[in-house]
Every structure is written in C-alpha cells, then in structure tokens.
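To start, the structure under review is shown below, and the notes come after it.
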Amino acid sequence: MLKHTPRDLALVILLTLSCILCVLCPPLNETPVRIILGLLLVLFLPGYSLIAALFPGRDGLDGIERIALSFGLSIAVVPLLGLALNYTSFGIRLVPILVVLSAFTISLAVIAYLRRCRLPEADRFEVGVRA
C-alpha cells in the first residue's frame, strides 16, 4: 500500500462529502458554499476521478492536461448519468442526482487509489505542492 494517501484523491473525496453535507443540511444548504461545491461536483470532480482511474501513472498526462480533460469528461459523463437516472423510478431530482454523482466520483477515486498502489512509487502520479 501507499505510505501516504494521495492528496488529490483525498481532496476529491473530501470535496464530494462536503458537497453532500452542504446540500442536505438545512443551515448549510442556504449558503453560497452549496453552489460552489455543487458546481465542482457537476463540472470537475467526476471527470478528475475518471482521469485519475484511467491514468494512475505520472507519465500518462501532465497537470494541465488532467485539469482540461477533467472538465471535458465531467461535461460528457454527468449528462449520461442523468439520462440513465431519468429511466429509473427515482427520476431527475436533487437527492438522486447527488447520490449518483457522489457514488460515481468516490468509487472512481477509490479505483484510482487502488490502481496507483499497483504502480512502483516512482511511477505514481502525485500533485506537487511548492512551498
């Protein structure tokens, strides 16, 4: 296993859980934070999780490509999830959409973590933070 949890995947899961909290909890669901986290959940996080799962190594894509593809894949995947949700008994409502997007994002982040664990430590993608 990894010596430390990848910061990017931990942040994706943390932001997703924060979005769930801000949407469902009454005092928080009236704040602008709900809108910001909701936009992140719809426009960026699902795509980033998918990119991280598809390209766990550092040689696949660099940072700016990951960010650009994350937006593009989110814009492509989220409507498909909504379309699939439309054909269920749940329909397209706030809570089912939140559950499906959150489950998709978190499950792909876990898959990305497991795929990174299989790579040698020198080949794993990690976000560099400069001091």
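Glycine is no exception: its Cβ is also placed from the backbone N, Cα and C atoms.
A TrEMBL annotation is a machine prediction, not a hand-curated record.
The domain 'DUF1616' annotation in TrEMBL covers 12-129. Annotated transmembrane segment per TrEMBL: 9-29, 35-55, 67-88, 94-114, in sequence order.
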Which value does the mean pLDDT take for the domain 'DUF1616' (12-129) in this predicted structure?
94
DSSP helix, strand and coil counts for the domain 'DUF1616' (12-129)?
89 helix, 2 strand, 27 coil
